[in-house]
Each structure stands twice: as structure tokens, then as C-alpha cells.
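What follows is a short report on a single structure.
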Amino acid sequence: MASQPPQEPTPTATSTPSTSALASLPPHLDPTTYPRTLTSPTHNIHLELTYSPLNPSQALTHTSSPAAGANVLFLGTTRDTFEGRAVSQLSYTCYPPLALKTLLDIATKAAEKFRLEGVYIAHRLGVVPIQESSIVVAVSAGHRGMAWRAGEEVLEEVKARLEVWKREEFVDGGMEWRENRERDAEGKVVAEKQEERE
């Protein structure tokens with residue numbers, strides 16, 4: 001993950017950045033140039049980066065297949081606290097060409113490894129309020145075991161590899177850029193706990 005994320009606009013649902021403000025933004029930071037999508041018909045893969053709210057039903061529609069006996073859907077949502085601090089919202093940014101390339105690699109490898117009928121990954125950018133989804137992962141497979149394992153692996157690969165930067169914004173006015181890492185019930189990074197034991 002890059003050490004310093006690119007700066008981004010923080011559009012809200014109630015206001016739209018002015019045309020003159022957007023004209024000065026590079027295209028990858030301009031919300032009006034989204035959604036950015038990438039598909040691979042070979043493996044029934046659909047990938048999306050968007051500033052709009054995510055649609056879980058759309059994810060299941062994309063992964064639907066007559067050969068699928070199992071569909072797994074994961075929604076990652078913004079929670080209201082982090083390490084005891086009240087969170088007001090999250091904000092995400094990325095460089096789409098690189099992010100879509102990484103997502104395609106993750107989805108293609110999972111489709112081949114788990115013999116998936118479909119893979120859908122959508123990541124929201126910009127401001128994501130409390131209780132709204134920042135990521136949707138859906139997979140379909142012939143049987144539930146493959147679908148469960150594939151869904152989890154796709155999510156963990158996205159968290160580990162995707163070039164998306166997350167800014168946690170707090171009610172007290174503070175903010176922190178964070179890496180997407182797996183945390184335990186106390187909020188501690190799981191990888192760090194494993195390293196401490198070794």
C-alpha cells in the first residue's frame with residue numbers, strides 16, 4: 001500500500017462540486033467520470049469503482065448462473081466507532097487503472113481456483129456514511145463450500161492488495177488514513193498479533 005494517498009474531493013449527497021472545481025481535478029479524482037467498470041465475459045467477472053451507493057441486488061444479478069447452486073454476498077459497512085472513538089464517516093480514494101487491474105487479477109485467480117460461475121466486486125469511493133457499504137463482493141459456484149471459501153479469499157485479497165486508501169473521519173474532528181487490515185474483536189491488527197508470537 002502506498003505511503004501517501006492521493007488527495008480527493010469529498011462530495012456529499014446534498015451538494016455537487018462546482019464545474020470549475022471539477023475541471024481542475026485529474027480525471028481519476030473527478031466523481032463525474034465514474035462509475036469505472038471492467039468486465040471479463042470469459043469468467044463472468046464484473047468490477048466497479050463508484051462514488052454512488054452500492055447495490056447488493058445488482059451484485060447477485062451479475063453473478064447469477066443456472067449452473068450455480070450457491071451465491072455468497074458480502075457487504076463491508078462503515079461502523080460508528082474505531083478503537084473507542086466515534087466515527088462520523090469514511091472516505092476512500094484510488095487510482096482506477098491500477099485498482100481495476102488488481103481487482104481483475106484477484107477475480108480471475110479466484111474464478112479459476114474455485115471454478116466460480118461469477119465474481120462481482122464493487123468498491124465505493126468518496127464519502128461513505130455510517131451503515132452504508134464501502135465494498136460488495138459476490139461470488140457464485142456450483143456448491144456452497146467453494147462459494148464460501150472463494151468469497152472469503154476474494155475479500156481478503158482485496159483488503160491485502162487493492163490500491164485503495166481509506167480515511168477514517170471522527171466526530172471530534174480528527175482523521176486518520178488507514179490500511180485495510182484484518183482486526184480482532186479488540187481492534188488490533190491480526191497480522192501484528194501473529195508477528196508478536198513468533
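Keep in mind that glycine also has a Cβ here, set from the backbone N, Cα and C atoms.
Remember, predicted model here, so these are calculated numbers, not experimental data.
As annotated by Swiss-Prot, compositional bias 'Low complexity' applies to 1-27.
Summarising the annotation, Swiss-Prot assigns region 'Disordered' to 1-40 (among others).
Annotation source Swiss-Prot lists substrate binding site at His143, Arg144, Lys159, Lys166, Arg167, Glu168. Secondary structure at Glu168 (substrate binding site), as computed by DSSP, is strand.
Summarising the annotation, Swiss-Prot assigns region 'Disordered' to 176-198 (among others).
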Structural state of Arg144 (substrate binding site), classified by DSSP into three states: helix
Densest Cβ neighbourhood among His143, Arg167 (binding-site residues), 10 Å radius: Arg167
Within a 10 Å radius around the Cβ, which one of these binding-site residues has the most neighbouring Cβ atoms: Arg144, Lys159, Lys166? Lys166
